[in-house]
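Reading through the structure tokens given below for one structure.
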Amino acid sequence: MGYQVLVALALSLVGGLSTSFGALLVIVNETPNLKMLGLLQGFAAGLMLSISLLDLAHNAINSIGFLKGNLWFFGGVIFFAIIANFIPEPTLAPVSKKDEGGKDTLKKHRRQVLFSGIVTAIGISLHNLPEGMAVFLGSMKGLRVGVNLALAIALHNIPEGVAVALPVYFATQSKWQAFKLATLSGLAEPLGVVIVAYLFPSSLSPEILEGLLGSVGGVMAFLTLHEMLPLAFDYAGQKLAVKAVFLGMAFMSASLYFLEISLPQEMSF
């Protein structure tokens, strides 16, 4: 078992650290203007909505029924609506005195975008936990299955790294902070391996597990609609932002499909 866990951890690191590659794509370029930031925020919102509604909530409803699935989903919405008020805001990039007059509005934008980046990182981390569990279960069925799944997840996670790093880079003007937060969100995948290998209660029913994942979908839907989508509308305009949202949803849906067909038939996300 020890060897299998190490293999699963290594494979999950490949998938998880691809978020770091996504962050690199952000920090090697100049910080975007507000309109481009709005479009990318809309795209990231589409990624998150696709994961929450078409993956997590959908699977919960199919597994445990319409009523129970919705109760778990909206339980997650209410839960995160409460704790969102207590999420701290990291320090913003300093503004020089000579720029204070003209930068007040930009500083306000940065604060809003930073909060959006933080809640995106939380949502992506929660989504990455079951992916790590899937890598572990896949590697138990064979190295080839585990490798294929890890590579599929790696490709799937690159845009997630972009979605986390971009708002943090814009808000803090710090490449290190953007890279660090995106990397930490990806490290939730090997944490998922550890949980399922050592800490996961064998007596936990599949119904409760599906319900918990449905609640994660509720959390992600709330933070997307409450934080990310309003910023996309403000910065890019409603028409362009809506197009970016649907483009992000289509991209993530295609990614989830190719990830699904990489799994053995008896496994599913």
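For all residues, glycine too, the Cβ spot is worked out from N, Cα and C.
Unlike curated records, TrEMBL annotations are generated automatically.
Summarising the annotation, TrEMBL assigns transmembrane segment to 6-27, 39-57, 69-88, 113-129, 149-169, 181-200, 212-233, 240-259.
Counted over residue pairs separated by six or more positions, the transmembrane segment (212-233) shares at least 3 Cβ pairs under 8 angstroms with the transmembrane segment (240-259), which defines the two as touching. The stretch with the most CB contacts under 8 Å to the transmembrane segment (39-57), chosen from 6-27, 149-169, 181-200, 240-259, is 240-259. Between the transmembrane segment (181-200) and the stretches 6-27, 69-88, 149-169, 240-259, it is 6-27 that has the most C-beta pairs under 8 angstroms.
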